[in-house]
Amino acid sequence: MKALAKLKAEPGIWQTEVEKPVVGPNDVLIRIKKTAICGTDVHIYKWDEWAQNTIPHGMVVGHEYVGIVEGMGSEVRGFNVGDRVSGEGHITCGYCRNCRAGRVHLCRNTIGVGVNRPGSFAEYLVIPAYNAFKLPDNIPDNIAAIFDPFGNAVHTALSFDLVGEDVLITGAGPIGIMAAAVARHVGARHVVITDVNPYRLDLAMKMGATRAVDVSKQSLKDVMKELGMTEGFDVGLEMSGVPAAFRGMLDTMNHGGKIALLGIPPSDMAIDWNKVIFKGLVIKGIYGREMFETWYKMASLIQSGLDLTPMITHEMPMAEFQQGFDIMCSGQSGKVILNWS
Ligand code: NAD
Ligand code: ZN
């Protein structure tokens, strides 16, 4: 079958032929319809230090997708051939303390689809049936294809009560923008988003941010004054992985504020811990999505009218993957979709 794989230890991704994956007794076989390119795929494409230390030679990449169940192992219950699915990309062990307690997103033995095992940039994908998510009919394919990053946004945004609160989101990447849309949809008051990329700040305004701030041109504190915010943000969602952005967040949080950290800093990150202590801040790290409450909430949010369609700015046949990666690398995009059917 056709697939996109990391065939060389250098920047790039290559189309190749690989064996169709073998279906184990607890697995489903998914025929891929559409995939989206993730920031992680861009790290693998660019072959940064993390990718060099993580990605085995020849790995089939990709983990954001929608497809159709075409087969399943003998032990699988609850799925039928023809079911339309997306899937949770974190494969968990099932036997560690957290898995057995139902806190599966905290599994210490998590393995990543398209990172540690073959991914979805392929005609077929095999995952444990446990990880497959059956899609309600009223969720369009393009939206289903971005459920993985949407789930990062939903998990982070719904970590704290946002109703009537003032929310700061640092980083208007696809995940930050979707978090802004969620915050607005569930009833936050000010949803202020920061970035240094005007294209993405514009998209964030279309998606529900109430104020976009280019921190290379304008100070966040001035914007707060303008908005009449005298005390500070109640909730912070860090979605850039940029140390300066997190420091700016610590400066502008109100006392008793709550912060969820999703963005992955490049290395150790120094902060002024006195701000955390004397403001009495609560900080929560976020990894992936809750299985499967986040997935349930994603479907519900779309069904209750949250519209993610403006997030998908580019779509192309899979054969034009190089152009897709170029667009993602340029930063002049929301989500980019590759069509496999
Ligand atoms: P992205 O790289 O597309 O977005 C990051 C954004 O931050 C970019 O638009 C960039 O211009 C912006 N930025 C740069 N400097 C900034 C500054 N000083 N202030 C504010 N913004 C600034 O990434 P994404 O795909 O939207 O993901 C967001 C973050 O979450 C990344 O760090 C990614 O690695 C991380 N991530 C974490 C998880 C997890 O499970 N914890 C999962 C997926 C992604
Ligand atoms: Zn586990």
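Backbone N, Cα and C atoms are what each Cβ position is placed from, and that goes for glycine too.
Quick look at what TrEMBL lists:
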- Thr40: active site, charge relay system (ACT_SITE)
- His43: active site, charge relay system (ACT_SITE)
- Cys38, His63, Glu64: Zn(2+) 1 binding site (BINDING)
- Ile175, Asp195, Arg200, Leu262, Gly263, Ile264, Ile286, Tyr287: NAD(+) binding site (BINDING)
- 12-338: domain 'Enoyl reductase (ER)' (DOMAIN)
Handout entry: Cβ neighbour count (within 10 Å, all chains shown) around Glu64 (Zn(2+) 1 binding site)
Key = 30
Practice task
Using C-alpha atoms only, work out the spacing between Thr40 (active site, charge relay system) and His63 (Zn(2+) 1 binding site) and round it to an integer in Å.
Solution key: 9
Exercise for the section: May I ask for the distance between Tyr287 (NAD(+) binding site) and Glu64 (Zn(2+) 1 binding site), taken between their Cα atoms and rounded to an integer number of Å? Expected result: 16
Exercise for the section: Just the binding-site residues from Glu64, Asp195, Arg200 whose C-beta lies under 6 Å from any atom of ligand 1, please, or none if there are none. Expected result: Asp195, Arg200
Exercise for the section: Over all pairs in Ile175, Asp195, Arg200, Leu262, Gly263, Ile264, Ile286, Tyr287, the listed NAD(+) binding residues, work out the largest Cα-Cα distance in Å. Expected result: 23
Handout entry: Neighbour tally for Cys38 (Zn(2+) 1 binding site), based on other Cβ positions within 10 Å of its Cβ
Key = 25
Exercise for the section: For the recorded Zn(2+) 1 site formed by Cys38, His63, Glu64, name the remaining residues of the chain with Cβ within 8 Å of the site's Cβ center, in chain order. Expected result: Thr35, Ala36, Ile37, Thr40, Asp41, Gly62, Tyr65, Gly89, Gly114, Gly119, Ser120, Asp148, Pro149
Problem - Rounded mean pLDDT for the residues that make up the domain 'Enoyl reductase (ER)' (12-338) - result: 98
Fill in the blank from the handout: Listed in sequence order, the residues of the same chain lying six or more positions from His43 (active site, charge relay system) whose CB sits under 8 Å from its CB are Trp50, Ala51
Fill in the blank from the handout: Around the Cβ of His63 (Zn(2+) 1 binding site), other Cβ atoms within 10 Å, all chains included, total 25
Fill in the blank from the handout: Looking only at the binding-site residues Cys38, His63, Glu64, Ile264 (NAD(+) binding site) has its closest CA neighbour at Cys38
Problem - Glu64 (Zn(2+) 1 binding site) and Ile286 (NAD(+) binding site), distance between Cα atoms, whole Å - result: 18
Practice task
Could you round the CA separation between Ile175 (NAD(+) binding site) and Cys38 (Zn(2+) 1 binding site) to a whole angstrom and send it over?
Solution key: 10
Practice task
Determine the minimum-neighbour residue: among Thr40, Ile286, listed as recorded positions, which Cβ has the fewest other Cβ atoms within 10 angstroms?
Solution key: Ile286
